[in-house]
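Okay, structure first, notes after.
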Amino acid sequence: MKIGVLALQGAFREHLNMLGTLGAEAVEVRKAEGLPELSGLIIPGGESTTITKLLDIFGMAEPIKALAKKGMPIWGTCAGMICLAKELPGDISGVKPLGLMDITVRRNAFGRQVNSFEAMLKVKGLDEADFPAVFIRAPLVEKTGKGVEILSKLPDGTIVAVRENNLLAISFHPELSGDNRFHRYFVQMAKTYKA
C-alpha cells in the first residue's frame, strides 16, 4: 500500500514525515503517471490558487477526479480542503477547485497569518482525547450536502472537518501537530481501497 502526497507546493514534507511515523510507504507525487499506483492521496496545505493552477498545468486534475470517482481515498488539509470543495463563495479569482466534495468552503475564513491559532478538538472517528489542531489562514465549511459527515467543529459550531465516503477534508494542519492520529485514520481509509 502506497500513499501519495501531492508535492507541487505547500506542506507536503511534513505529511510525508507524519506518515513515516506510522511506517506507511509514502511518496511525493508530482506527475499524473504516479497516481494509479496509489492507495490514497493527500492534498496538503499551501496556497490554493497555486495548487489548483499547478494541477491543471501538470495534467493532474482530471486523473485525480477519475480516481476519486473510483473510490480512491483523497484527503485535503487546509488549502487541500479548498481544492476538494464544490463551491467557494466570494472572490475566488484563479482558484479552480476539483469539485469532488459536496461542501461550500470559505477561504481564509479566520483572517490573515497573524490570526493563526491552535484549538483542542473532539473528532469523530479518533479516540476520546482531543486533537491539537493548528489553524493557519484556514478555510471553514459553510455548508454540507446530504452525504457529508461532520467529523469536528470548533466550540462555536464552525465546521472544520468533514468526510464524504472516500473523501476527507479538514481546515487545519494535522501534520504540524505532532499527533499522528488523523494520519492513522487516513491510512485506515487507504487500506480499504482496491486499485
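Using the three backbone atoms N, Cα and C, a Cβ is placed for every residue, glycine included.
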Checklist entry - Which single residue out of ARG30, ARG107, ARG163 does Swiss-Prot record at the L-glutamine site shared with GLY46, GLU47, SER48, ILE136, ARG137? => result ARG107
Checklist entry - Ranked by the number of other Cβ atoms within 10 Å of their own Cβ, which of the recorded positions ARG107, HIS173 ranks first? => result HIS173
Checklist entry - If we check Cα distances from GLU175 (active site, charge relay system), which of the binding-site residues GLY46, GLU47, SER48, ARG137 wins as closest? => result GLY46
Checklist outcome for this item: Surrounding the recorded L-glutamine site, with Cβ no more than 8 Å from the Cβ centroid of GLY46, GLU47, SER48, ARG107, ILE136, ARG137 and those residues left out, we find GLY10, GLY45, CYS78, ALA79, ILE82, ASN108, PRO139
Checklist entry - What Cα-Cα separation, expressed in whole Å, is found between ARG107 (L-glutamine binding site) and CYS78 (active site, nucleophile)? => result 9
Checklist outcome for this item: Expressed in Å to no decimal places, the gap between the Cα atoms of GLY46 (L-glutamine binding site) and CYS78 (active site, nucleophile) is 7
Checklist entry - To which of the recorded positions GLU47, GLU175 does the lowest count of other Cβ atoms within 10 Å belong? => result GLU47
